[in-house]
Amino acid sequence: MRRAKMAPAGRGGAVRGAWAPLVLLAVARATLAMTEQYPALSLLEQELHRQRQGPAGGCASAGEWAEQYSAECDSSFLHFQESDCDIRGSSSCDSVLSLNTEKILSQAKSLAEQKRFPFATDNDNTNEELAIAYALIGNGLYDEAIRQFSTMLQEEPELVSAIYGRGIAYGKKGLHDMKNAELALFELSRVISLEPDHPEVFEQRAEILSPLGRISEALSDLTKAIQLQPSARLYRHRGTLYFISEDYATAHEDFQRSLELNKNQPIAMLYKGLTFFHRGLLKEAIESFKEALKQKADFIDAYKSLGQAYRELGNFDAATESFQKALLLNQNHVQTLQLKGMMLYHHGSLDEALKNFKRCLQLEPYNEVCQYMKGLSHVAMGQFYEGIKAQTKVMLNDPLPGQKASPEYLKVKYLREYSRYLHAHLDIPLTEYNIDTDLPGNFKDHWAKNLPFLIENYEEQPGLQPHIKDVLFQNFESYRTDVQELICVADHLGSMMQYETPGFLPNKRIHRAMGLATLEVMQAVQRTWANSKVRMNGKTRLMQWRDMFDIAVKWRRIADPDQPVLWLDQMPARSLSRGFNNHINLIRGQVINMRYLEYFEKILHFIKDRILVYHGANNPKGLLEVREALEKVHKVEDLLPIMKFNSKTRDGFTVNTKVPSLKDQGKEYDGFTITITGDKVGNILFSVETQTTEERTQLYHAEIDALYKDLTAKGKVLILSAELGEADAVCNLILSLVYYFYNLMPLSRGSSVIAYSVIMGALMASGKEVSGKIPKGKASIKALLVDFEAMTAPGSEAFSKIARSWMNLKSISPSYKSLPSVSETFPTLRTMIEVLNTDSSHCLKKTIVVV
């Protein structure tokens, strides 16, 4: 190492004796400054401790200057004991001034004797002065440290340790002030010009650059540091920056290298798990989080991340256990409370979720996520006054100029307006109004598209009316016995709709809502086949197919008011003419959507077939080469080289599926569009979308109209006949009708579960009950998503065949006839919310009629 110049003779032996006055003056100045800003020294110390924490807790993650001389995180003189003394004086303690002086003197002496600071010189006196300045940094006295270094540099301008220390002090003063950042970078760059072979300086400069958003420069510095002297810490630091940049694959490589150099790094193991998590590789993430916990049993962030991974996987019990372990370690861990609360909400446990959000807000009153979710939970349970109060708090938290608005801020005004509407209609019979026609068109359009609430000439919904009371909790036992039976049957039927694939968390509130929808559809269809009319949207008439689906729509809407479940063809004509896209990313960059992984191969085969058709028509000479290349395609990324075969597909291509008509043989409708763009692995967009235009909607409606007319006619015959053939024909018509509904995707949200509840209800009306669960994927049977089965089936007959293979249809139990009318038992929003709120744990003890 190149040493700085020897100190001049004039700075000789008197320095050691001058330590105390130097430190006393420094501490006195700093104490005076702190007295004006901080009521207690402990506040300063807590903030300094917080600044030294890495992103997941623990020791600072990058080039702390003491680390080059010791094991990772072993820089004891940087750690404080909490002080009970108030700077302005306290009878319970001695002078803080003398206390700090003694502490800094002791630290400086230790540093100087062991030369445990960067770029120590060969001159003991110089080292003693440098040690004082570094001790001042360690105690948070940055301005005093800068003065000390500056004094030394006046006498010796190229004293590398002083330049380096002053750069560190400027950085620690706070990068929110750009002047500090610029001075810190200037000083560190000077050190690099004088001492270009020291990795810690590049690392320290990267620490300054990264918070400023200059990530590529920081990565360059860390790469240089690794070239000079690879270490576990440097790979971890660089991996963290790649992680922040969402380059999860490269980040994973760095964390892996770091762990190979030092396997006992719980933070690196946690981040390795997070690189899996963010790519949708949940099982691999879980293994990494568990490994991190083996290394550090009290690692709260690992438990929190493990809980979130299990939640994304759909394993509620395992997620709950992990979140609970995190909270046992720290009951005030805000992130865990927030994540656990959100999981409980999406599990349908709203009351428990609310407790977590309230606790979160006690600890962090301005937490937008917890405030929004608190308001949402209240509204979902019918507690509109508390709900709208919480929503208004989110609305008041306007983003600063240039600051990006949070998702909660963007959504909250829609939720507040919808909440007001629901409250005003709590006690009006559901048969007398229609949400799709009542809500303003532009409001629905913006809400469905998740656009900022910028709606011209919008007239707000009336405020809450005092005479309309909130929904009260209804005990399960307060319902009649037959209604209790109805609720328990609904819970069972709803559970039959649960997808058992990764990414789908069971939601008992949705289960009950859609179970009740199924029973109401069954009862409505039976009445229709018996020539009875229905009351819908203020009119009494024969039921149409949309009315049948609207039954399920109303239950899905009220189960979760956060999601706009709206008919797309009821949007303003102008927005409908532009088209609505239901968009699903299967792969975006490095992120894989695990929900649809089972369908990648099926979609890939379809794409390969379409590529052959395209090249057969447009590139017959190159067809053989394309065919040979396609034989080597086993995953989406393998398509990238084939895209280069034609200039029109070089940047990507789209493939459209076709849906054959039953009404007009030989005619086909547009299905969904598959898009692949990208230039390399890790930079791919693989997506599917359905575009709902007015023309496309009319074509599908004509198909569904014809099927529904046929279904109604055959249903009327069926109830008068016991012919097996009639029942099969009705079953096929129901599945065919819903096949076109799935491919149309006519709703902004919830089309899948709404369609399946209609399938189950209509089949029950025909005397058939679904007794088989949707396959979860074991052995040779793949996990199924009903909507994707319909969208990827070559026709309605193929969909009917695959659906019947798992439905295991059996004759319906006669006891269903004795169940009370769902629409008469729950005629208003109030009664619907009451039944969704009520606890039905008693159902587990009852014998359900369908078993």
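Glycine too: its Cβ is placed from the backbone N, Cα and C atoms.
For 1-33, the entry in TrEMBL reads signal peptide.
Predicted-model confidence for the repeat 'TPR' (232-265) is 95, expressed as mean pLDDT. Under the heading repeat 'TPR', TrEMBL lists 232-265 (among others).
Long-range contacts of the repeat 'TPR' (300-333) within the same chain, counting only residues at least 6 positions beyond its ends with a Cβ under 8 Å from a Cβ of the stretch, are 56-57, 266, 269-270, 273-274, 277, 282-283, 285-286, 289-290, 292-293, 339-340, 343, 347, 363, 500-506, 594. Residues or ranges marked as repeat 'TPR' in TrEMBL: 300-333 (among others).
Summarising the annotation, TrEMBL assigns repeat 'TPR' to 334-367 (among others). Within the same chain, residues 300, 303-304, 307-308, 311, 316, 319-320, 323-324, 326-327, 373-374, 376-378, 380-381, 397, 505-512, 559, 837 sit at least 6 positions outside the repeat 'TPR' (334-367) and bring their C-beta atoms closer than 8 Å to a C-beta of that stretch.
Using DSSP to sort the residues of the repeat 'TPR' (334-367) gives these counts of helix, strand and coil: 27 helix, 0 strand, 7 coil.
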